[in-house]
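According to TrEMBL, the transmembrane segment annotation covers 29-52, 64-86, 106-124, 144-162, 200-228, 240-263, 275-295. TrEMBL lists 45-293 with the feature domain 'G-protein coupled receptors family 1 profile'.
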Amino acid sequence: TKKEMQGENLTVWSFFFLEGFSRYPNLEIVLFAFSLVMYLVTLLGNSTLVLITVLESRLQTPMYFFLGNLSFMDICYTSASIPTLLVNLLSSRKTIVFSGCAVQMYLSLAMGSTECVLLAVMAYDRYMAICDPLRYPVVMNRQVCVQMAAVSWVTGCLTALLETTCALKIPLCGNLIDHFTCEILAVLKLACARSLLMDVIMLVVSVLLLPIPMLLICISYVFILSTILRISSAEGRNKAFSTCGAHLTVVILYYGAALSMYLKPSSSSSQEVDKIISLLYGVLTPMLNPVIYSLRNKEVKNALKKLLCPTHEN
């Protein structure tokens, strides 16, 4: 189960046990059913959104380009941890190999970090569309959109690589992770000693990817709201509100869960709460994204009808 490095007081674990929800065996089958249904709905909803944003010419706009990125990201994010959770909920031996733990940690961090930046990019897109509509097609051209999406992905992937690499170099004095996934904070609780470098990296990345994008989103929406309130017609105001409402709902859900996990005082008594928040954060939010974006969106509904019933196209 472990290898002792010669000349160093360092233990390298070949696999980890995941505590998960094993303290509540009667709850595990309920959580399995809940997680399986949510995961399948997430895959179906987000795959459909990616498909229609690629295939439907009327959805070849910046907003839907970024939405397609968001949906693809949610598929990757849930697929990093939920399949392992589903297997372990039905298994008495809840284990994951070291390499699997490393990949799971990296993907979860990369997708979560990328989404933080992408949501800020989407807020800027809405700001330009509503506050400066005449310049919007010129400023938010295809090349700029691709560059902004690329910056989001590169930022998320590089910060995740830095965090994961540093976390896996820290000596661990155990291999029982009190979580259902290789979540970085849960893994770091196994460290034999606190690492100042890791603490600094986590703090810097958390500040860069949580409060700063959130501040940019808030600033964008202050300008958006002031512009909407100056629109004279009720129909114009409603249309402007509807284009921003979905994005704002996703932001509140996503950042609410993320902030409650990463910017709160650590406490051993809060670990069970952390697991529930992580489950909602990792399953419910990605599942709701396609629903939120398509529920009141006629363009998405029409594109979906066209995809499903091409013979009935108007």
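Each residue, glycine too, has its Cβ placed from N, Cα and C.
No curator has checked TrEMBL annotations; they are predicted automatically.
Tertiary neighbourhood of the transmembrane segment (275-295): same-chain residues 20-21, 31, 34-35, 38-39, 41-42, 45-46, 48-49, 67, 70-71, 74-75, 77-78, 81-82, 108, 179-181, 183, 246, 249-250, 253-254, 257-258, 260-261, 301, 304, selected by CB-CB distance under 8 Å and a gap of 6+ residues from either end. Contact between the transmembrane segment (200-228) and the transmembrane segment (64-86) is not supported: fewer than 3 Cβ pairs lie under 8 Å, counting only residues 6 or more apart in sequence. Mean predicted confidence for the domain 'G-protein coupled receptors family 1 profile' (45-293): the pLDDT average there is 85.
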